[in-house]
Amino acid sequence: MEAKKDSARRLRSIDRTRYAEHEDLSDVEDMVSIRGFSLEQKVSCNAYRGNFVRYMEGKDFTYEYVQREALQTPLLFSTKEGLGIKMPEQDFTVRDVKLLVGSRRVVDVMDVNTQKSIDMSMSQFVRYYETPEMEREKLYNVISLEFSHTKLERVVKRPTVVDAVDWVDNMWPRHLKEQQKESTNVIAEMKYPKVKKYCLMSVKGCYTDFHIDFGGTSVWYHVFRGGKVFWLIPPTGHNLQLYEEWLLSGKQTDIFLGDRSEGCQRIELKQGQTFFIPSGWIHAVYTPADSLVFGGNILHSFNIPMQLRVFEIEDRTRVNAKFRYPFYYEMCWYVLERYVCTLTKRSHLIKEYQRESMITDRKPSLDSHSSDSWLEMEEESCDIHIKEEKGNLVEKPSKQSGDESSTTNSTHSNGKDAAEKKQKATLMQQLKRTLSNDSDESSKSIVHSDFPKTPTGSPATDMPCKLTHLTEFELKGLKALVEKLESLPENKKCVPEGIEDPQALLEDMKTVLKEHADDDNNLAISGVPVVMWPKKPSKNRAVGRPKGKIASSPAVKLSANRTSAGARRRRTRCRKCEACLRTECGECHFCKDMKKFGGPGRMKQSCIMRQCIAPVLPHTAVCLVCGEAGKEDCVEGQEAKFNVMLMECSICNEIIHPGCLKTKESDGVVNDELPNCWECPKCNHAGKTGKVYKQKRGPGFKYASNLPGSLLKEQKVNRDNKELTEIVKKKVEREETPKQIPEEQPKKKPTEGIIKKKPEDGHVRKKRKFEKPPDPSVRKRLKLVKEEKLLRKKRRSWKTPDERAMMAKTLRRIKQEPDDDLTEAAPKAKESDQSRSSSPTAGPSTEGSEPKEKKKIRRKRRVSNKELSKELSKELNQEIQKTESSLASENHHPIKSEPESDNEESKKCISTNGERMHNFSKGLNGTPKELRHELFPSLKTTPRANNRPPPSLSPPKCMQMERHVIRPPPISPPPDSLPLANGAAHVMQREVWMAIFSYLSHRDLCICMRICRTWNRWCCDKRLWTQIDLNRCKSITPLMLSGIIRRQPASLDLSWTNISKKQLSWLINRLPALRDLNLSGCSWIAVSALCSSCCPLLRTLNVQWVEGLKDAQMRDLLSPPTDNRPGQIDNRSKLRNITELRLAGLDITDASLRLMIRHMPLLAKLDLSYCNHVTDQSINLLTAVGTSTRDTLLEMNLSDCNNVTDQCLTFFKRCGNICLIDLRFCKQVSKESCEQFIAEMSVIVQFGQTEEKLLQKVS
């Protein structure tokens, strides 16, 4: 008798745990799961003839229908037309599902015969699904593959009405949904109830017993392929009570619930049909043919009492949290908040949530009208009378914002002033809502333009007087929702963090329900959703080249330090130069600030080595005058291209087409170093100048001071040098010093501003200097060109005819023999020099002083934006290569020349072969100082400047070379045959040799590698070196590391070695296929290399007896890495695939175990031996409800854990898959408790003691 009682009790216990899915499929379970009825008979029986399903067409399924009928009747649609459903093509199969969700995606697969779930990858299930029916040993069914946030999500679209009523879309804060990254339904990574879209894949014969969908959710169900048979039981009080008793009876497999319920209907769904199951309906499903179904679950506002009742049934029947609606009560709180916010315009969300989800307390003031982001609209979409109304309202600025806000939080005011304030606020809110409705394109199809409001009696007193009517279903449901949330104890209220004051929310909801108690149901059925998120303002995306706003007065002058508001644009990368193409150096102060390099991330700057040398205008830039973008690609000819290309002034920052300029008093000076940059004619004519730094590099430019090679200035000097060499061959030797200019000076001396250096000049970058001295002959030739360039530049500064005559005389003397090359070289040098440095007090140049032919020649030399960018990147790359090669070959150290005063800069020097020029000290205007003193001795500013000694050279400094990871090209594959001495190939092919090598030890393989080159490569095949053991190796040398990398092992043992962090980092960066790593006995400093984003996805990790590894270090080891590379957005732990973890001898606590539960969902073998802080509570934590380790744990080693007692064995009973428990040498665990554990588990799983306190499952 006693045995019978125990047996019955145990059977019931077994059945209860069917929700937990932790048991083995033992013989006892198989016996319990045998059905007591014939499923084939139930499919063909005609007894289930209830008439509950309503047949509809998609066009009739509208939001107005939902308001009228409340979604309480099952609906069947023969086609998807009119529903708004989007489905894949007809040839879509489960193999395509695998491709879109990932072949490694783990899914819960239900064994139909035992009603137990097992884990399979999608690849495994698809292989089973495609197996012929006769070859399937078991029936497997996938009913819980949620595919939101996968590629499959874009292929399947829900019915339109479902989107309109779903609480997830309309109640849950939007910014939380946008933060969801994890595609699986791991509760720890879930940001919202992720139950919107499911894929159900069933083979013929699958059966799911009677159930109610979790949380009382309603279900939409589209049969894409195959068919289904449903048994439906209506959710009457009697049926729900019967269903609850049936669940608790333990006889589900013996009783077909449809035979005992009040009414049951069997209905067969065919391919292409869509089914809607309301909340609370009890149903069972049979699959007559292999099927593929798409569906989803929703909670809505029209059947809330039934949803709450189903949730209570789940509480009483103790359904596992894994199979329940996630964040159920949190969702209920957000539902109340959204209704209160919509009806009273008062939000109970915290400020951060209001800002993120774009809900703000819309105060009836002018400021709120202009600042509310979700009320932004285009004025063009508004009617004329609305604009007039807006104008009347805006005439008087609102001064009562503070008063109205206080009125909002207080009781109603009965005074005359308060009434006037309410009236003004009402008008303003009506205007806002009207304008926002006109601009809300997404709501045009279902939202009426005359959107009613809630009355003034609501908690927010500044609302319009029109009433939003609620349906009777919504009123009844919201009332039940308030009562339910009030009745919950404090520890079960589950108030989300986004709700600021839950009690105030409940009070406001009660007030709203009182106000709407007498709502007219006919007026409420309007087809308009009451709660709806405001439309987000669309971000301005540049499609083609959008037009900017045209300035009303383009002739308005701006100061030199002020940018034009409509035309200023930040330049963007050219993406072609060497700087743009390289990676971060990781060593500059910008890199050290970046979060991925461990910094705080405050500077928000790119790496110094990646700062573009030729940034271009963004594609959104437009002309200030005409509002058009650049059109140089549409025309032919250099002159026409220049007139229609955008040019940005380096002084006033105006972006303009040269052809749009009306003033032609003076010509603009083009900056050859920066695309689309010049000094516009307006600034040039007015004599304005900007900072030398801006003129050197143009607006919005940052330069990397330690960039290898220099800018095009150096390249341009090289080209000038080559031209100069050709010129000098045609020239005769002439005097080095020309005649002196007469002593009479002009009244105005503009050269003072030239010679006197500005304070900003200190920011101008100095180029590299080398020890090689300049060639005197080449230097003499350079003086001739600089001499002419200076004179041409100064000609514009002299205003009197005498001054011009003197300058022309000197110029004619220099150019005694005219030459075409020099004629072209001089204007080029002049343009480049003026683009770098212009005279602060230079007067306007006269149009007649320069022939038109020279202007044409100069304009022909201006290239378009794209051509210049290509030229810049090409020449820079060549320069960098030349610089690096010369440094590598000659090993010259740069010598830094530092001027002793502000008047000096480094001069230019060139090498003897004429291939390279570098800067020595020169004058600010680009003229060599010696030549300047010889030409214009009277222009010297002060004796102090004249008597300056030559600059001294500082000691040589080592040049910092670039740090790049050099990836060698892939080596050729190993030969397939062994070449012999006579040139023939050996008869045995490579694969035969590989089979022989597989029998050799590693020591023998190393001997074979010495035979010949071919064997050397064959013996390094990674198939022969899956495991490498360096256990207790005294020293790890670089040669050993290279050998490991060459062999690419899957298992590496580095235990009890002195490997350093740098060595381990170098290894794991180059072993992507590494799966098993043993670092026991190493130091934490070395093990910390695993915290990098480059760590491979290990399966086994052994960190036993690691010195210094505690809870804080475990947190760093298990947390997601912080040094993600650009574009790497995976925020999961790099140890998420760990199945075996050995932590023996570590000083860790329960804090580390919580991290393991969170970040190691596949953990199967855990070694905590010799961990003195592990207690019974630790085991309780590992086996708690909802933890992944409760399902996955197979082996547990707790030997020598002195704080573990007999109580831990009761916790191990929760683990359905546990196979080995090692409690040896645990002082507080008795042998009798182990024997009792074996006896209690014998009904489910047979355990035995192979040694004392070593419990092992008997196979």
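Every residue, even glycine, has its Cβ placed from backbone N, Cα and C.
Taken from Swiss-Prot, the feature region 'Disordered' applies to 388-463 (among others).
Feature annotation from Swiss-Prot assigns compositional bias 'Basic and acidic residues' to 388-402 (among others).
The compositional bias 'Basic and acidic residues' annotation in Swiss-Prot covers 414-423 (among others).
The annotation region 'Disordered' is assigned in Swiss-Prot to 536-562 (among others).
Per Swiss-Prot, Zn(2+) 2 binding site is recorded for Cys585, Cys588, Cys591, Cys607, and the stated evidence type is sequence analysis. Under DSSP, Cys591 (Zn(2+) 2 binding site) is assigned to a helix (H, G or I) in the three-state scheme. Neighbour list (Cys591 (Zn(2+) 2 binding site), Cβ cut-off 8 Å, at least 6 residues apart, same chain): Glu584, Cys585, Phe597, Gly599, Cys607, Ile608.
Per Swiss-Prot, Zn(2+) binding site is recorded for Cys623, Cys626, Cys649, Cys652, His657, Cys660, Cys680, Cys683, and the stated evidence type is similarity to another entry. Within the same chain, residues at least six positions away from Cys660 (Zn(2+) binding site) with a Cβ under 8 Å of its Cβ are Cys623, Val625, Cys626.
What Swiss-Prot lists as region 'Disordered' is 729-958 (among others).
Marked as compositional bias 'Basic and acidic residues' by Swiss-Prot: 729-763 (among others).
Among the features that Swiss-Prot reports, compositional bias 'Basic and acidic residues' is placed at 771-790 (among others).
Per Swiss-Prot, the feature compositional bias 'Basic and acidic residues' maps to 864-877 (among others).
Taken from Swiss-Prot, the feature compositional bias 'Basic and acidic residues' covers 890-908 (among others).
What Swiss-Prot lists as repeat 'LRR 4' is 1171-1200. Using a Cβ-Cβ cut-off under 8 Å and counting only residues 6 or more beyond its ends in the same chain, the repeat 'LRR 4' (1171-1200) has close neighbours at 20-22, 187, 320-322, 1143-1150, 1153-1154, 1156-1157, 1160-1165, 1207-1208, 1211-1212, 1214-1226.
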Worksheet item: When neighbour density is defined as the number of other C-beta atoms within 10 angstroms of a residue's C-beta, which of the binding-site residues Cys588, Cys652, Cys683 has the lowest density?
Response: Cys588
Worksheet entry | Check: same-chain CB within 8 A of Zn(2+) 2 site center, minus Cys585, Cys588, Cys591, Cys607 | Glu584, Gly586, Glu587, His589, Phe590, Lys592, Ile608, Met609, Arg610
Practice prompt. Specify the secondary structure state of Cys660 (Zn(2+) binding site) as given by DSSP, simplified to three classes.
Written response: helix
Fill in: Cβ atoms near His657 (Zn(2+) binding site) (within 10 Å, other residues, all chains)
22
Worksheet entry | For Cys652 (Zn(2+) binding site), the three-state class that DSSP assigns | coil
Worksheet item: What is the Cβ neighbour count of Cys626 (Zn(2+) binding site) at a 10 Å cut-off, with all protein chains included?
Response: 15
Worksheet item: Taking the Cβ of Cys680 (Zn(2+) binding site) as reference, which residues of that chain separated by at least 6 in sequence fall under 8 Å from it?
Response: Met647, Cys649, Ile651, Cys652, Glu654, Ile656, Leu661, Gly668
